[in-house]
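Quick look at what TrEMBL lists:
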{"type": "TRANSMEM", "residues": "122-142", "note": "transmembrane segment"}
{"type": "TRANSMEM", "residues": "149-169", "note": "transmembrane segment"}
{"type": "TRANSMEM", "residues": "175-199", "note": "transmembrane segment"}
{"type": "TRANSMEM", "residues": "243-265", "note": "transmembrane segment"}
{"type": "TRANSMEM", "residues": "314-336", "note": "transmembrane segment"}
{"type": "TRANSMEM", "residues": "356-376", "note": "transmembrane segment"}
{"type": "TRANSMEM", "residues": "388-409", "note": "transmembrane segment"}
{"type": "TRANSMEM", "residues": "415-439", "note": "transmembrane segment"}
{"type": "TRANSMEM", "residues": "451-472", "note": "transmembrane segment"}
{"type": "TRANSMEM", "residues": "484-505", "note": "transmembrane segment"}
Amino acid sequence: MSLRGSRRGYVPILDDADTRHEDNQESHVGEDEYRRAGFIPRSKFDSLTALWLQLWTPTKATKRTSLEQDLVRRLDVFLMTFGCISQGIFINSLYLDQTNISSAYVSGMKEDLNLDGNELNYFTTFFSISYCLMLIPSQVIITYVRPSFWLPGLEIGWGFITALIALSQNARHVYVLRIFLGLFESSAWPGMMTLFMYWYTPTELAKRMGFYHSCQALGSMMSGALQVAILETLEGKFGIRGWRWLFIINGIMTLLIGAAGFFMIPDYPKLPNPRAFWLSQDHASMATERLDRHGRSDTKRITWASTKRTSKMWIAYFIPALYITTALGPYGYNYFNLFLKSLKNSDGSPRWSTEQVNAIPIAGGAINIVCVWVWAMLSDLFQTRWSLIVAQGVIGLIPSIIMSVWTAHPDTTPIFYAYAGYLMTFLSLGTAPLVMSWLSQLLPQDSEARTLIIGYSIAGLYAILTWSQVLIWPASQAPYYKFAWQLSIFFWLLVIIMCFGVHMAEKRYFR
């Protein structure tokens with residue numbers, strides 16, 4: 001008896017509702033043949049491997065044709081690898097660049113550039129303004145220009161700008177460079193999320209988005225580790241301070257991965273990248289079949305008509321609002337290192353060295369990575385998005401309440417609670433992949449609206465960050481923020497309420 005798949009692409013049991021009517025075309029496969037095919041493990045080690053594959057691949061009837069399996073495997077190896085490296089893993093380009101400013105600030109940049117106020121907040125503000133202004137135009141451009149040209153080209157640009165920050169002599173130089181950096185970085189995260197929606201199915205999507213998103217935490221961890229290594233080995237080398245070396249190394253590495261993107265990004269299923277040596281025409285045809293099987297449309301150019309249509313959708317406002325509030329709720333985790341830097345011993349000396357200030361937050365990044373993976377896998381396993389966002393909202397309330405108490409009464413509240421509060425904020429950083437997977441689930445046939453709403457969501461967040469983080473999380477108040485943690489409580493409550501609202505609307509209008 002053969003394990004060859006049906007024309008839908010996998011056998012013997014179909015894993016999606018729209019293909020269940022084809023059961024008559026599938027043959028029954030016995031246990032022995034499953035075992036010979038490798039689907040039934042022979043040992044405890046094989047059992048663990050099978051469990052991992054069951055979590056990473058669709059959870060119901062994972063049997064597919066060899067072509068489809070090969071397609072997904074190649075997407076994971078090339079598309080996911082490029083995205084993850086670009087996002088922060090291994091050479092730490094995108095997210096490492098953003099955390100470089102914070103790491104450099106506590107590692108000599110503050111003193112070298114004579115920064116004595118809220119310049120750190122303004123570095124983020126200028127970046128956020130340009131990032132926000134370019135984000136939606138970039139999402140439109142990516143429907144006209146091949147992503148394999150657009151995304152790597154932008155990455156090469158921000159590699160040059162990142163390296164130039166090492167030459168800064170004052171805050172004004174950094175402000176100008178951060179503006180250009182925001183322009184070049186604007187399409188990285190939303191562009192990759194958009195591509196994932198075209199290449200992965202609903203039972204695959206959240207896990208890949210979660211893995212990609214977790215590379216932000218990896219980038220943050222690597223930033224701290226890299227900063228420690230540079231301070232120990234390159235500080236003063238050739239007369240260059242350690243924090244300047246961080247930007248030089250980051251810029252060079254970003255240029256390398258940008259060049260690789262011309263070959264690693266597959267573009268779209270119906271318009272595959274001719275330079276993607278790893279993607280054959282058969283793979284592209286299978287990807288198109290997968291889109292059709294799951295009722296999803298391929299890419300379409302965004303026009304004024306599609307923009308007007310999207311603006312009339314209630315979901316074009318609810319999803320961005322949900323995304324923004326889930327990002328603002330745990331935002332205090334960004335300032336863990338400022339909390340550590342502010343602590344003093346009884347004699348007035350710093351409690352933690354510069355190396356320790358950069359190294360300790362790595363623990364929070366590790367918590368973040370594990371939790372993002374767990375949330376994403378559970379989402380695909382149970383095919384639910386909203387309930388797991390609510391769960392993170394409930395968990396996020398705990399550290400927000402703890403930190404609200406500690407900042408108001410630091411003399412009477414043990415410092416242990418502050419450490420615990422900061423570390424617990426990392427437990428609720430897995431919402432973004434679930435929100436974006438939910439968007440793909442709500443609008444499977446409207447690729448233009450999906451692309452625009454991703455842009456609205458992220459542009460809206462950065463539009464708020466341009467002014468809110470200066471007012472809510474001013475560096476001059478660190479770590480005793482006046483009302484920041486109280487606002488986090490409000491945001492998490494709002495997240496929970498909105499999730500229930502969107503879920504009720506989904507049941508009524510989308511099913």
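Including glycine, each Cβ sits where the backbone N, Cα and C put it.
The structure displayed is predicted, hence computed values, not measured ones.
The recorded stretches the transmembrane segment (175-199) and the transmembrane segment (314-336) do not share 3+ CB pairs below 8 A when only pairs 6 or more apart in sequence are counted, and are therefore not in contact. Below 8 angstroms of C-beta separation, residues 118, 121-122, 124-125, 128-129, 131-132, 135-136, 138-140, 142-143, 189-190, 193-194, 302, 306-307, 310, 315-316, 319-321, 323-324, 327-328, 331, 435-436, 439, 443, 481, 483-484, 487 of the same chain, each at least six residues beyond the ends of the transmembrane segment (451-472), sit close to that stretch.
The transmembrane segment (314-336) and the transmembrane segment (356-376) are in contact, since at least 3 Cβ pairs between them lie under 8 Å (pairs 6 or more apart in sequence).
Of the two recorded stretches, the transmembrane segment (484-505) lies close to the transmembrane segment (388-409), with three or more CB pairs under 8 Å once pairs fewer than 6 apart in sequence are set aside. Here the transmembrane segment (415-439) has long-range neighbours at 193, 197, 202, 205-206, 209-210, 212-213, 217, 315, 319, 322-323, 326-327, 329-330, 332-333, 336, 339, 343, 363-365, 367-368, 371-372, 374-376, 379, 385-386, 388-389, 392-393, 395-396, 398-400, 402-403, 405-406, 450, 453-454, 457, 479, 492, 495, 502, meaning same-chain residues at least 6 beyond its ends whose C-beta is under 8 angstroms from one of its own.
For the transmembrane segment (122-142), the list of distant contacts is 98, 101, 150-151, 154, 171, 174-175, 178-183, 185-187, 190-191, 194, 302, 451-452, 454-456, 458-459, 462-463, 465-467, 469-470: same-chain residues at least six beyond its ends, Cβ to Cβ under 8 Å.
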